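The signal peptide feature in TrEMBL is assigned to 1-29. Summarising the annotation, TrEMBL assigns compositional bias 'Basic and acidic residues' to 33-52, 231-252. Feature annotation from TrEMBL assigns region 'Disordered' to 33-55, 225-261. Annotation comment: TrEMBL describes 87-108, 120-148, 168-188, 287-309, 348-368, 388-408, 420-439 as transmembrane segment.
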Amino acid sequence: MKQKGKLGIGGLRLLLLLVVALALLGARCEEEHAHEHEDHSHDDHAHDDHAGHSHGVSQADYEAALARGDDPCAAEGLLDYNLSLNIAAVFILLAVSLVGSLGPLALSHLGGKAGARTKTVISTAITLGSLFGCGTMLATALIHMALPAVAALTSPCIKVAGWDKYEAWPYLFVLIAILVTQLVDALIRGYFLRRHPAGGAQQDGGAHVPTGGCGHTMLIGAMTAPPSQAPHEHAHDTAKENSDHQSAKDTETGEAGPEGGACAVHGEGCSALLGHTPEPQRASRTLGIWLADAGIIFHSVMIGLTLGVTGGTAFNTLLAALSFHQFFEGLALGSAAIQAGLATAKTLVVGLTYSISTPIGTAIGIGIRESFNANATSTLLATGILDALSTGILLYVALVQLITPLLTDSAWVHSRRWPMQVVAFASFYAGATVMAVIGKWA
């Protein structure tokens, strides 16, 4: 089962890369064909909207270019392209992405070697970072993925018969992605429910763990607890349940420590609870992380490609925006992997694959900068459809598998004093705000 899952994820990534390659090949062929017939006098009117979020060719721009006698779907000219700076951007984005995506993992391991008070602080920081990441993912889906998808799939440069007869193409693909993701999630949960029929009372909780007051914090407590505190497989059930009940009680009353609760301070109690975590829930969250990773990887490749074909002063603005974008998006993905309880090796895979995606896209953009046409039909269809599908996947993962259990239904949040609850919600809103602002440029 595990081997099949690994092959499935690997196949999905290969498929995404294949689609990107085909889109780029199609764009190159269309551009070469266009060069045989077009008059290059339109260069004086080259687009310069790389300084902001590129939304493609609007209907008004399309008609205005035709009125001037220009080709509105021609490749944009390169202005003051600095090859050395573009190459440096590959390594800058790699470093920023690594820090963002692997930072939560390093912090969780640091907590395992710390004292009780430090462990409480680290646990709370990871929790707040996860909530920040929830807001980041939500804004990424709606602003950084949905907006480009709509722009691409409604572009007048798409030369497909009958395409303009249906205006809701981007939203249709978002809907399809949500429905398919929900179906896969339900099938995975059903499979593990049949394999583990015992403990059904806890499994009825759906996307969260209703046991006591630890909620999702038990994952952090277990991950930050020293190995010696891990639960023994053959411990007596009665003693284990009593320990769990007392740990949950301590957390709800706040008697175990300042704001961190019993789960944050005592990894032992939450490690025991981790053994009761419904298998369907863990499998569902793990699936969600891999799906989110796949969707974000494609998005990262495309924004990297955009940077690789950008020159002039617009490049500096875009590089700065993408650096923040990659850091916060990586922080969101890394925090989500920690919350899902992924093993260290798998969390590393998530972080590394994410971190290299944008540099790879930038390198591809540098290589094809002379021939790439973002307005080619094949490019618009490939990027638009996959951005829309990624939007649907990320929306489902963010709302159903992250925000609901980690914030809306979180016993950890609701058992805190009101100042900490305010901080928790503020972290969530801050993540959404930061990515929404970055969406102006990247």
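Counting starts with 1 at the first residue shown.
A Cβ is built for glycine as well, from the same backbone N, Cα and C atoms used for every other residue.
TrEMBL labels come from automatic prediction, so no person has curated them.
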Under a Cβ pair cut-off of under 8 Å, which of the recorded stretches 87-108, 168-188, 348-368, 388-408 contacts the transmembrane segment (120-148) most often? 388-408
State, in range form, which of 168-188, 287-309, 388-408, 420-439 has the highest count of Cβ pairs under 8 Å to the transmembrane segment (348-368). 287-309
Which listed range (87-108, 168-188, 287-309, 420-439) shows the maximal number of Cβ pairs under 8 Å with respect to the transmembrane segment (388-408)? 168-188
Close approaches to the transmembrane segment (287-309) from elsewhere in its chain (Cβ under 8 angstroms; 6 or more beyond its ends): 9, 12-13, 16-17, 19-20, 24, 50, 54, 78, 86, 89, 93, 137, 140, 144-145, 148, 181, 184-185, 188, 315, 318-319, 322, 325-326, 329, 333, 336-337, 340, 342, 350, 353-354, 357-369, 372, 374, 383, 386-387, 389-391, 393-394, 396-398, 400-402, 442
With a Cβ cut-off under 8 Å, give me the same-chain residues at least six positions beyond the ends of the transmembrane segment (87-108) that come close to it. 122, 125-126, 129-130, 220, 223-224, 304, 307-308, 315, 319, 322-323, 326-331, 333-335, 337-338, 344, 347-348, 350-352, 354-356, 358-359, 362-363, 366
